[in-house]
Amino acid sequence: MASPRRSVEGRPLGASVSSNTSNPGSPAHGGGSSGRFELQSLLSSRAAGVDPTSARLRASESPVHRRGSFPVAAAGSSQAPPPSLPEEDRMDLNPSFLGIALRSLLAIDLWLSKKLGVCAGESSSWGSVRPLMKLLEISGHGITWLLGTLYCLCRSDSWAGREVLMNLLFALLLDLLVVALIKGLVRRRRPAHNQMDMFVTLSVDKYSFPSGHATRASLVSRFILKHLVLAIPLRVLVVLWAFILGLSRVMLGRHNVTDVAFGFFLGYMQYSIVDYCWLSPHNAPVLFILWNQQ
């Protein structure tokens, strides 16, 4: 009668299996696959004549044994949440609606300004009108208006006229200061198709935003319509002059459309400041006395 198969320790195979089921490596304890793999490796090493101790060590170092020995760590590592992105990266991946709208507006502004720059050079489609546009440029220049206001102020012989001209001079100086300050802060370059042949430029005139001619046209036209008694045709001419002057800045390639649009708005608001701080012999008597003495 054939003897039953025995394990490495000399006990029957059934006893070995039953003993494995009672230790922590059994299926009841979550390590059944590890125990079966160790038993099979021991049996194969016995048949091949390999040392049982070394076979047991190789079985304990197997991937199956390592996975079965640390079930909690493996489960925890598979469920670990991914690292969160920094706040600035999340903003770049999810741009706001305002940022998209501003970039789209900028692209439309550049495209429209280039299309309207028909007098940017002599070889442009409307290059023959360029001298007339440059004449309009001189009519809205700050030096032109400052010299004209000072001349009229010196020639005026009435208190009412001097008061109006004094406030016009104050408005022009305020306009030059505010526009230069904003240009120095924003520092937006002029359009690429612009030719730097402007009339009497300063250091901040290399910047484009906002248009000083547009702010001055809006400020002066509102000032004139408010404080001068003019016939309706002349009032229409003043408004047309301001509008065509602003349009000529884009046609000459000096400014973009948004530069002129913001310039009109800024000049309109500057007059509100001048009207609020209106200079008169009652609130600024020293200024008028000094001017009368000269």
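A Cβ is built for glycine as well, from the same backbone N, Cα and C atoms used for every other residue.
Residues or ranges marked as domain 'Phosphatidic acid phosphatase type 2/haloperoxidase' by TrEMBL: 163-275.
The feature region 'Disordered' is assigned by TrEMBL to 1-37 (among others).
For 46-65 (among others), the entry in TrEMBL reads region 'Disordered'.
According to TrEMBL, the region 'Disordered' annotation covers 70-89 (among others).
TrEMBL lists 164-186 (among others) with the feature transmembrane segment. Nonlocal intrachain contacts for the transmembrane segment (164-186), taken as residues 6+ away from its ends with a CB within less than 8 angstroms of a stretch CB, comprise 142, 145-146, 149-150, 152-153, 156, 202, 204-205, 207-210, 212, 215-216, 219-220, 223, 227-228, 263, 266-267, 270-271, 273-274, 277-279, 287-288, 291.
The transmembrane segment annotation in TrEMBL covers 228-248 (among others). Within the chain, the transmembrane segment (228-248) has long-range Cβ neighbours (under 8 A, six or more residues past its boundaries) at 119, 133, 136-137, 139-140, 164, 211, 213-214, 217-218, 220-221, 260, 263-264.
Remote same-chain partners of the transmembrane segment (260-279), defined as residues 6 or more beyond its termini with a Cβ less than 8 Å from a stretch Cβ, comprise 163, 166-167, 170-171, 174-175, 178-179, 182, 209-220, 222-223, 226, 242, 246-247, 249-250, 287. The transmembrane segment annotation in TrEMBL covers 260-279 (among others).
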Quiz prompt | Integer average pLDDT (0 to 100) for the domain 'Phosphatidic acid phosphatase type 2/haloperoxidase' (163-275) | solution = 91
